[in-house]
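See structure below.
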Amino acid sequence: MESYLEENFGGVKAKNSSEEALRRWRKLCGVVKNPKRRFRFTANLDKRGEAQAIKHANHEKLRVAVLVSKAALQFIQGLSLRSEYVVPEEVKAAGFQICADELGSIVEGHDSKKLITHGGVTGIADKLATSPADGLSTAEESIKRRQDVYGLNKFTESEVRSFWVFVWEALQDTTLIILAVCAFVSLVVGIAMEGWPKGAHDGLGIVASILLVVFVTATSDYRQSLQFKDLDKEKKKIQVQVTRNGFRQRLSIYDLLPGDVVHLAIGDQVPADGLFISGFSLLINESSLTGESEPVVVNEDNPFLLSGTKVQDGSCKMLITTVGMRTQWGKLMATLSEGGDDETPLQVKLNGVATIIGKIGLFFAVITFIVLSQGLISKKYHEGLLLSWSGDDALEMLEHFAIAVTIVVVAVPEGLPLAVTLSLAFAMKKMMNDKALVRHLAACETMGSATTICSDKTGTLTTNHMTVVKACICGNIKEVNNPKNASDLCSELPETVVKTLLESIFNNTGGEVVIDQDGKYQILGTPTETALLEFALSLGGNFKAKRDETKIVKMEPFNSTKKRMCVVLKLPGGGCRAHCKGASEIVLAACDKFMDETGAVVPLDKTTADKLNGIIESFANEALRTLCLGYREMEEGFSVEEQIPLQGYTCIGIVGIKDPVRPGVRESVATCRSAGIMVRMVTGDNINTAKAIARECGILTEDGLAIEGPEFREKSLDELLKLIPKIQVMARSSPLDKHTLVKHLRTTFNEVVAVTGDGTNDAPALHEADIGLAMGIAGTEVAKESADVIILDDNFSTIVTVAKWGRSVYVNIQKFVQFQLTVNVVALLVNFSSACFTGNAPLTAVQLLWVNMIMDTLGALALATEPPNDDLMKREPVGRTGKFITNVMWRNILGQSFYQFIVMWYLQTQGKSMFGLDGPDAEVVLNTIIFNSFVFCQVFNEISSREMEKINVLRGILKNYVFLGVLTSTVVFQFIMVQFLGEFANTIPLTRLQWIASVLLGLIGMPISAIIKLLPVGSS
């Protein structure tokens, strides 16, 4: 079966499946009782096609708009323009001078002509009653007016479907519709023959069973849909930096309004349409909106920023002009919200299993109907009444047909793929509480098979709370882990050195020091920037004063490829100065001079360079991150178009930044090792820092290898194949190195790879990995969008929790499959064999519907929601080539099925003598005992299925309230059904002895199951 499934249903991958593969597997699902329900959570490929068409149209629209705008600009250069725009009265009344439609046409149409007629960006800001420096006012009445005129930054989403929609969908099950028709005919014929109410019992019994199945199914599906809706809302929560009332603050993108001033950096998503106010080296990736991969330069000449696009490089301040559904992104999102998620590989395989068993069930159902009908016809023939049919005969034939249809209901295990959805929804909800947000269903499933985790160091293995603890300035090494030490260092250094150092830190930064509403200093920026700015403040520096002294001419922000950040300043006395900071070895290699202890600039000879490199190494050996700062004097005529020089710098000093290892990381790494998961550290830091941290975390072992990115890049393919299995630490790595490592691990070594990432440049590796894990705090929006799971607390221990939940989902579904296939096999065999050999079926349509509900919805609820236990992390991972339906499962299924079938067959043939049954009700009593015993066999088999290999199946059962609730409700309802609903369920109240016997026959299944588990099975 496994090879058939792989061949026919294995084309769908956990990530990046082709559309052809997604369409193909659905066509292969031959027997589907309710397509609407079965395929509810699968991707809507038609909607995706619509989204692609919108992207293509956007691309064409933007291309035309830019061409028209350029042509118009050629005509209006130098002309004095007067706006002919008329402000609508309601906009004027609200205190604004421009309407939403006009703003939309300017930005979306890239209309430079209109922008100039409105006075450029500052003119638009005035008309929006806002300030490019201080942002808009937060007065409640002002915000309300703005919302009324321009709308909210929210997109139209598909409405939450009501409970009754799910009821209607559950009713569209083909087999239930056929049974409903049978019930209707049964009611009509029964009432005509026996009158009301006696003649209605059989028909009403089927109707009641159908309604019960429908309502339980609809309730389960409705709860799942609400869970997915909640998770979808979590995915869309994005915070941005905004200036309002002159103060910087973080705000949800849903609270943004036209007139807001937003600050963007590398990796951010543009939250709404708007205009560029100021910034440096801004490159925008518009592929999410237009499909065009070439980045666009945005500056004063091309100031248009479109919602949904991403900052690829640089930083800027933007003015929001258009929000929500008025933007192209809003329209695209409304379409994509109906696109759905791809079906996971496990769901697809289980659809295959359901199809195979469904076809077998259909075959047996037809044979059963033929055999039962043949028995009736044969009886009529022998009685000479073949042409004389009564209402009773019609009802009997109808009952045979209903039994055949119900065999299909039981035999087609549609609960299998739906159990995956139920289990994943349950796990995703619980993982949210454990600080992990699953973006793609398949990731939760794939994480259970992970064999390797490639983890970042900073913020994942470490706390990301950084402080400068050591500094080497002018050759003077000093501990600066408290304000007094920093003050002492400042007094020991020449004034010119302190001035240059503060100028470097305060200007060459992506961070900012602001005063909050309480009048206190607040440092904004990455943890590294924050540590440096805190250090500069402790030296007595004033951020605003230093920034006001000079003017920034050009800035090149830090990224993980260049590993440095540079800025060119225009000095107050004339001339320019470039400042550079970054990875110590790289910046020091760019220096040919240094500042000595007197503050004099002297040539950097080999001896001094070696000494400084030794200091870098000693800092790194103490697990400190090191940064080197340098500057270079330049000519006054430096132009923005010129490249900032890469050489000729003067070394100011080196700082050592402490980033402590997170508590619990060492234990989590040990847990991974015992679970057969190899943890590798991939970092941009110095190799000595990386090795020190890796040893502290327990990642780097005696036989492990630590390698630098540049060395890794130079290796030949043959050398890489020998090295990669041993690599535990990769330092000074570029995003491309990470991508190469992941690709080789996946393709050459067949590993299932999880990768963490936080930066924009990590997106390719996150995309390539089987499971991409983005950091929720330090991660950029680009990284989060490329990821499958977002680690909300940036903690490595959470990644281990995700792996544990992934394994739990996988094992829970295996348990459910084992349980359901057992019920399938036994129900099929009992009714088929009985029909063939005795001419009647002991399990009626109503009873089989009840069994189907125990098996499908309640069984899935009980077994697929079992929480994870620590034992899951003591077994080897399934890996890429592991079989889903294992030999252990086949052993348990066949063993338990054999026991149950023997019990049912014995009751069928010897039950009357065993219980001393005679008289007119003997047949009904026996069939009730068979039904009751069959249900209790499933109840105890459900308990046995909690463990596939272990004997102790009761461990932790009292903590699983869902499981206990399902078992209790099953037993209670079974009692009511047998004792009180006999007219509807074709049962008769049983004696105490008969109840004890039924329960005991089910209970014996547990020790039988334990004995079966002792039987050894091979791996093939």
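The backbone N, Cα and C atoms fix where each Cβ goes, glycine too.
Noted in Swiss-Prot for the protein shown:
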ACT_SITE  Asp456  active site, 4-aspartylphosphate intermediate
BINDING   Asp758, Asp762  Mg(2+) binding site
REGION    21-32  region 'Interaction with calmodulin'
TOPO_DOM  1-175  topological domain 'Cytoplasmic'
TOPO_DOM  220-263  topological domain 'Cytoplasmic'
TOPO_DOM  373-400  topological domain 'Cytoplasmic'
TOPO_DOM  864-887  topological domain 'Cytoplasmic'
TOPO_DOM  945-961  topological domain 'Cytoplasmic'
TOPO_DOM  1016-1020  topological domain 'Cytoplasmic'
TRANSMEM  176-196  transmembrane segment
TRANSMEM  199-219  transmembrane segment
TRANSMEM  264-284  transmembrane segment
TRANSMEM  352-372  transmembrane segment
TRANSMEM  401-421  transmembrane segment
TRANSMEM  843-863  transmembrane segment
TRANSMEM  888-907  transmembrane segment
TRANSMEM  924-944  transmembrane segment
TRANSMEM  962-982  transmembrane segment
TRANSMEM  995-1015  transmembrane segment
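Each of the recorded positions Asp456, Asp758, Asp762 was scored by other CB atoms within 10 A of its CB, and the lowest score goes to Asp456. For the pair formed by the residue listed as 'active site, 4-aspartylphosphate intermediate' and Asp758 (Mg(2+) binding site), distance between Cα atoms is given as 8 Å, rounded to the nearest Å. Taking residue pairs at least 6 apart in sequence, the transmembrane segment (843-863) and the transmembrane segment (888-907) share fewer than three C-beta contacts under 8 angstroms. In terms of C-beta pairs under 8 Å, the stretch of 199-219, 264-284, 924-944 lying closest in packing to the transmembrane segment (843-863) is 199-219.
Helix, strand and coil counts from DSSP across the topological domain 'Cytoplasmic' (373-400) read 20 helix, 0 strand, 8 coil.
Long-range contacts of the transmembrane segment (264-284) within its own chain (CB-CB distance under 8 A, at least 6 residues past either end) are made by residues 103-104, 107-108, 115, 121, 124, 132, 153, 238, 240-241, 253, 256, 258, 295-300, 302-324, 326-327, 329, 510, 552, 554-557, 559, 759-760, 779-783, 785. Within the chain, the topological domain 'Cytoplasmic' (864-887) has long-range Cβ neighbours (under 8 A, six or more residues past its boundaries) at 1-2, 5, 346, 349, 353, 419-420, 422-423, 426, 430, 448-451, 671-672, 674-677, 750-752, 800, 803-805, 807-808, 810-817, 946, 955-956, 959-960, 962-963, 1017-1020. With pairs at least 6 apart in sequence, the transmembrane segment (924-944) and the transmembrane segment (995-1015) have 3 or more Cβ pairs within the 8 Å limit; the two touch. Averaged over the topological domain 'Cytoplasmic' (945-961), the predicted model has a pLDDT of 90. Secondary structure of the topological domain 'Cytoplasmic' (945-961), assigned with DSSP and counted as helix (H, G, I), strand (E, B) and coil, comes to 4 helix, 0 strand, 13 coil.
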